[in-house]
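A.B. asks: Quick paste of what Swiss-Prot says about this protein:
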- 27-107: domain 'Importin N-terminal' (DOMAIN)
- 335-348: region 'IAB' (REGION)
- 340-425: region 'Ran-GTP binding' (REGION)
- 8-37: repeat 'HEAT 1' (REPEAT)
- 39-71: repeat 'HEAT 2' (REPEAT)
- 91-129: repeat 'HEAT 3' (REPEAT)
- 135-166: repeat 'HEAT 4' (REPEAT)
- 259-308: repeat 'HEAT 7' (REPEAT)
- 370-400: repeat 'HEAT 9' (REPEAT)
- 408-444: repeat 'HEAT 10' (REPEAT)
- 650-687: repeat 'HEAT 15' (REPEAT)
- 692-730: repeat 'HEAT 16' (REPEAT)
- 738-782: repeat 'HEAT 17' (REPEAT)
- 792-835: repeat 'HEAT 18' (REPEAT)
- 837-878: repeat 'HEAT 19' (REPEAT)
Amino acid sequence: MTSDIAMQLIAILEKTVSPDKNELLSAKNFLEQAAASNLPEFLKALSEILVNTANSAVARMAAGLQLKNHLTSKDEKVSQQYQDRWHQFPSEIRELIKNNILAALGTENTRPSCAAQCVAYVAVIELPINRWPMLIQTLVNKVVSEGSSEMHRESALEAIGYICQDIRFGVMENQSNDVLTAIIHGMRKVEPSNHVRLAATTALHNSLEFTKSNFEKDMERNFIMEVVCEATQCQDSQICVAALQCLVKIMTLYYQYMEPYMAQALFPITLAAMKSDNDAVALQGIEFWSNVCDEEIDLAIESQEATDQGRAPQRVSKHYARGALQFLTPVLVEKLTKQDECDDEDTWSPAKAASVCLMVLATCCEDEIVPHVLPFIKENIESPNWRFRDAAVMTFGSVLNGLETNTLKPLVEQAMPTLIRLMYDSSVIVRDTIAWTFGRICDIIPEAAINETYLQTLLECFVKSLKSEPRVAANVCWAFIGLSDAAWEAAVTNDGETPETYALSPYFEYIITQLLETTDRSDGAQANLRCAAYQALMDMIKNSPLDCYLVVQRTTLVILERLNQVMQMETQINNHSDRHQFNDLQSLLCATLQSVLRKVHEQDAPQISDAIMTALLTMFNSSAGKSGVVQEEAFLAVSTLVELLGAQFAKYMPAFKDFLVMGLKNFQEYQVCCAAVGLTGDIFRALKDLMVPYSNEIMTVLINNLTEPTIHRTVKPQVLSAFGDIALSIGNHFLPYLSMVLDMLRVASNLQTDANNFDMNEYINELRESILEAYTGIIQGLKGVDQTAHTDVMHMEPHLMHIISFIKRIAQEGDVSDSMLASAAGFIGDLCTSFGPRLYPLLDDAIITQFLAEGKRSKAQRTKMLCTWAVKEIKKINTQVITQ
């Protein structure tokens, strides 16, 4: 790079912090053009500016930032593209950039180090493929060498921290000891620089997943714990907080090793942190004990599972939370009294953290928590100080989830009159907390909420509170959801039929009217009130008994009228905020429409279906219909209507088909695409061969979706399931697509699970279940409904060996879900009825026999039934083989 070009680039970089918008835009455009014209040379030039200490701090920082932004992205796909691009650079340019950014470490006078970030992001690309082998040792040397400057130690530790944060697990395994040596060296209390200690402590936090082998060795673990505990006592609050964060993470990762340190170090350190007036310190102290509780809740579940299976648990709880309970609860309830009147709902505070900690403590310690919190609640629930009233109510609401019903019910019933009275408290914060507590009561101990002694009084205060401040009204809406669920559960019988009446029937119409009014409040956007009110409305409708049906019908018409009114408002939208609210409202109305339609009686559906489809088609046709959220909810509303109308939906297909295809093609918004695919299956099942005229276009789009490389993987299982629905519905009309679909199913069925990739395994299992559903639909569709299988099913015979091998592979890999087992068993039964004795040699296999035997022992009724049926069908064809 010539000096003139370098000077020009430096000048441009310095303009990236200019207050002048024109200069900023000009600089942005120049840098984008430079990157587009020759990216390797551009990044090399940036690295040369970064390494040159004669350049201004602004230019160097901007160069580092530009360099970093061309190496990584928050979007995983883009980040992968950047990594692939880096590998294609000429090796001499890659090496020069690496040398420059490494040489720049410790030479900056700004924090954090841009060079450290650049080094880390190149390392994340290169270390997994064994390039830049000396990097880690070089960074370690910069930290531990006696002559190393403060800036060198700090920036090297920052680089190590960034690498540990982003590198793929396992890559650093052979160098974890060296990394840990450097980190612990930088954390020691003899280190004179707090900047270095902070960078080291942050790096430790990022590297803890890699230190498993070190924590397994007593001496190494003792040394690590000593250094971390020392760091928690540092006068620099940032170091103290970072060290506490390490303890929080250590407790989660290495719980089983913590017993030697708990009484003497961890307990006193974290209790003192909880009591701190520094919010950041207090939050970490509280977080530590929340994590302890989470861990011990999981261990209790594991222990119960082990007992049920007649084996010893792999890990056991040390019951630290129970042991600390009497010391923790006074600190936590005291933190609850420190809430700020102007607290932003999104700001995490010690008071909010204390509430969460009390919840998990109650879950962990159950009834043992009661004597430690009840005196505080009784003493303060009617305190003249609103903070103490609120803390008492918050404590009460927070511990409900862990208590046994026998303990909980009398406590709640005794508290009900006071709680109802507090719904009219002068403090909005107290009323908000009370409304939240009632929501929890309705959810956790519903029988207390619908107790006729208090029900009418409770409903009166709920309805009045719907007119309160948005935050209070929103919590009341969530309480209505719990109340609605409680009333329904109390009334519904074992057969699952809709009950004739329930506890809320006398008040139902009034509640619905008030909720509809709440959805229309001008301040409905605050505290998510409008959404909460519509959710409550949907839940009330969903859980309505037969004697409330007239109100449901009227509500359907109200929602339909609102949908039409809202669409007429579209011309009045002036800005992005209005558009966002408009789309949200349409999506809520579509969701509510689904809820009311599910309760509409089948014979009443044709009377309203024209009006509903007209409204939905108008919406699809409007610009709002292009919004992903609106499209998704609208497709789900159509799906509910299809379920109601059955084959009568056919008259809407000519007008609706193009919008359905538009949704199927919208794979960029995968939720919309999934909703459209699900709806496609629903329509085919309802209309059967009436869908044949549309099959070609729809199948073409679905097949294209499966071959589209950028489509979100969530869509693929849905498409495969849809193939099954389509094949089942149109029978031999599916034959033109059979070969291509079977090829796709074969490719999908060959995907292998990976023991180290939980997410991928979850996806593969979902895919496999969809494959089984597709095969089942195809077999049933081609077989026909007659007792004797139609000859069309013989098109599947060449594929039977692969299909049975696929089922055997599922069986051999183990850990099969009940739903997968049921799908496989049902499919095996269908194969038997379709192919008879000729199938027996493929099914006469110990793997299949064992697989179905396991299913017969399942606790899930459907799985048990289908596996039993499949075994009978196999025996039947075996008998036929013997008698032939």
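In case you wondered, yes, glycine gets a Cβ from its N, Cα and C as well.
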A.B. asks: Quickly jot the same-chain residues contacting the repeat 'HEAT 2' (39-71) by Cβ under 8 Å, restricted to those at least six beyond its ends, or write none.
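C.D. replies: Here the qualifying positions are 1, 5-6, 9-10, 13-14, 16-17, 31, 82, 85-86, 89-90, 93, 96-97, 100-101, 103-104, 107-110, 114-115, 117-118, 121-122, 125.
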A.B. asks: Where DSSP helix means H, G or I and strand means E or B, what are the helix, strand and coil counts for the repeat 'HEAT 3' (91-129)?
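C.D. replies: For the repeat 'HEAT 3' (91-129), the helix, strand and coil counts are 30 helix, 0 strand, 9 coil.
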A.B. asks: Counting CB pairs under 8 Å, which listed stretch among 8-37, 91-129, 259-308, 370-400, 792-835 touches the repeat 'HEAT 4' (135-166) the most?
C.D. replies: 91-129
A.B. asks: Going by DSSP, how much of the repeat 'HEAT 1' (8-37) is helix, how much is strand and how much is coil, in residues?
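C.D. replies: Helix (H, G, I), strand (E, B), coil: 27 helix, 0 strand, 3 coil.
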A.B. asks: On the 0 to 100 scale, where does the mean pLDDT of the repeat 'HEAT 15' (650-687) fall?
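C.D. replies: For the repeat 'HEAT 15' (650-687), the model's average pLDDT rounds to 96.
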A.B. asks: Counting only residues 6+ away from its ends, which parts of the chain sit with a Cβ under 8 Å from the repeat 'HEAT 9' (370-400)?
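C.D. replies: Non-local partners: 325-326, 329-330, 333, 336-339, 351, 355-356, 358-359, 361-362, 407-408, 411-412, 415, 418-419, 422, 425-427, 429-430, 433-434, 436-437, 440-441, 444-445.
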A.B. asks: Give the residue counts of the repeat 'HEAT 18' (792-835) per reduced DSSP state, in the order helix, strand, coil.
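C.D. replies: Taking each residue of the repeat 'HEAT 18' (792-835) in turn, the totals are 40 helix, 0 strand, 4 coil.
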A.B. asks: With DSSP, how much of the repeat 'HEAT 15' (650-687) is helix, how much strand and how much coil, in residues?
C.D. replies: 34 helix, 0 strand, 4 coil
A.B. asks: Using DSSP, break the repeat 'HEAT 9' (370-400) down into helix, strand and coil residues and give each count.
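C.D. replies: Breakdown, helix to coil: 26 helix, 0 strand, 5 coil.
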